[in-house]
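Okay, structure first, notes after.
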Amino acid sequence: MLLLRALLRRRRRAPLPAAGFFTSSGCDALAPPPPPPPSLPRAPPAAEAPRDEPGQQDSLARRVERAASVCAAMRGWMADGRAVHRGHVFHAVNRLRRHRLHRTALQVMEWIIRERPYKLSELDYSYLLEFTAKVHGISEAESLFLRVPQEYQKELLYNNLVMAALDLGLIKHSYAYMRKMRELSLPISPYVYNRMIILHSSPGRRKTISKILSQMKADRVTPHTSTYNILLKIQANEHNIDGVARVFNDMKKAKIEPNEITYGILAIAHAVARLYTVCQTYVEAIENSMTGTNWSTLEILLILYGYLGKEKELKRTWEIMQGLPHIRSKSFILAIEAFGKVGSIDQAEKLWANINSTKKLSLTEQFNSILSVYCRHGVVDKATAVFKEMRASGCEPNAITYRHLALGCLKSGLVKEALDTMDMGKKEVVTKKVRSSTPWLETTHMLLENFAEIGDLENAKRVYGELSESKYCRNSFVYNTLLKAYVKAKVYEPDLLRTMILRGAMPDAETYSLLRLIEQFKI
């Protein structure tokens with residue numbers, strides 16, 4: 001805290017010689033914190049210096065990643081007659097950040113500060129501060145701040161110091177820095193508030209978010225599009241469609257322009273809630289707002305076209321992705337699942353064969369993707385073969401694997417085998433994260449649908465009990481599926497409507513229609 005007090009007193013220090021400026025990059029790294037949302041300015045204007053393109057094979061970024069050391073990479077770069085420009089460095093740092101190579105990024109910035117290949121700016125020191133905090137902790141970052149030349153101790157450096165404290169969960173430190181910023185009349189970045197909202201997004205701390213937004217308003221900080229995206233995502237994760245609509249309306253009232261990410265969150269939230277007409281509207285908004293071939297947006301479209309059953313658009317999107325320099329393993333997984341949803345098993349199998357021949361199958365999620373396709377359509381023999389291949393490869397099945405297999409058995413009329421498989425899945429650790437994941441929830445709901453179709457009320461109630469532990473049951477169609485099981489089993493239950501409302505689901509026309517049918521079985 002002595003360093004913190006010294007910082008907040010704003011004592012003037014003379015710049016130290018370069019030789020004594022650095023901390024060691026050789027100590028053990030701290031456990032990396034969760035990746036922050038887009039932070040402060042990441043790159044200089046395009047006209048300021050030439051930059052490597054992200055896909056360029058011989059970029060400085062790739063050299064730094066491949067070289068034995070940062071110094072060796074820089075020497076090799078300059079030995080080829082190339083100058084080290086600001087744009088090259090910032091592209092390298094951003095790439096290293098994405099790959100969570102924080103120590104290497106710190107070494108790059110230490111080299112820049114020491115060798116000074118161009119005129120240093122506040123952004124250079126802010127990067128140095130960011131990675132010092134990530135590698136060595138907040139105490140080293142505070143010490144470094146005090147040694148940065150006074151002319152650079154401005155808005156950007158202070159904001160990065162606040163972000164560094166928040167990334168490490170040191171909320172009291174961040175509040176102290178923010179108080180000092182207000183005293184110095186330095187503007188606080190909206191990304192600082194974004195990080196604070198994320199830190200308070202767990203159910204037990206969510207009430208604090210309204211206070212954070214009030215403070216943001218008091219500080220006259222205009223929310224960024226990403227601020228509303230975070231708020232939308234929180235509501236979407238809670239399966240609160242009304243909350244999603246409320247946040248989006250607030251965004252429009254504030255005249256904040258939505259982007260591709262905004263529309264993606266809205267579209268997926270409505271797709272999961274089976275509100276496909278509204279979802280289609282937001283999909284069109286994504287298509288109209290797309291800028292270039294952003295792989296993350298293309299992945300969102302893969303998911304959405306799968307939900308909407310748009311096989312033609314799905315194929316077109318996948319063809320675009322095949323033209324990109326690199327396709328992530330995650331993209332293959334999403335594409336396989338999407339083709340399974342539209343019923344194109346052949347296409348899903350082609351993609352699976354592609355992965356099998358070109359990539360090492362090392363992830364349970366990879367096997368789960370093709371299992372989801374086969375089991376969704378009751379192709380048990382092929383699902384069994386994949387499961388055997390999975391075990392032979394050394395990949396361990398998880399709770400979602402067994403859930404898929406149980407669904408496949410049930411789709412094929414193998415009820416006993418389905419129940420046995422569900423019991424096997426119980427032996428796996430089912431974390432809260434798994435229970436709230438979309439694959440778990442949707443596959444479990446499909447199990448509920450199949451038990452309802454055959455009138456197996458006991459097992460339908462058992463599966464619904466698992467779903468009721470999540471907010472997924474806020475969607476009325478989930479409870480309506482349970483009501484269908486009562487109709488098929490010809491069983492009357494007086495408190496069904498009351499139970500539905502208490503669980504946070506709103507009855508719809510289908511609910512009341514099903515309840516009238518159940519009334520027939522009243523003795």
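Cβ atoms are placed via backbone N, Cα and C, with glycine included.
TrEMBL has this to say about the protein:
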type     : residues : note
REGION   : 25-61    : region 'Disordered'
COMPBIAS : 31-44    : compositional bias 'Pro residues'
COMPBIAS : 49-61    : compositional bias 'Basic and acidic residues'
REPEAT   : 224-258  : repeat 'PPR'
REPEAT   : 363-397  : repeat 'PPR'
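According to DSSP, the repeat 'PPR' (363-397) comprises 27 helix, 0 strand, 8 coil. For the repeat 'PPR' (363-397), the residues of the chain that approach it from at least six positions outside its boundaries are 329, 332-334, 336-337, 339-341, 343, 345, 348-349, 352, 355, 404-405, 407-409, 411-412, 414, 428, 439, 443, 446, judged by C-beta separation under 8 angstroms. Long-range contacts of the repeat 'PPR' (224-258) within the same chain, counting only residues at least 6 positions beyond its ends with a Cβ under 8 Å from a Cβ of the stretch, are 37-38, 190-191, 193-194, 197-198, 201, 206, 209, 216, 265-266, 268-270, 272-273, 275, 285, 289, 436, 470-472, 474-475. Over the repeat 'PPR' (224-258) the predicted model carries a mean pLDDT of 95.
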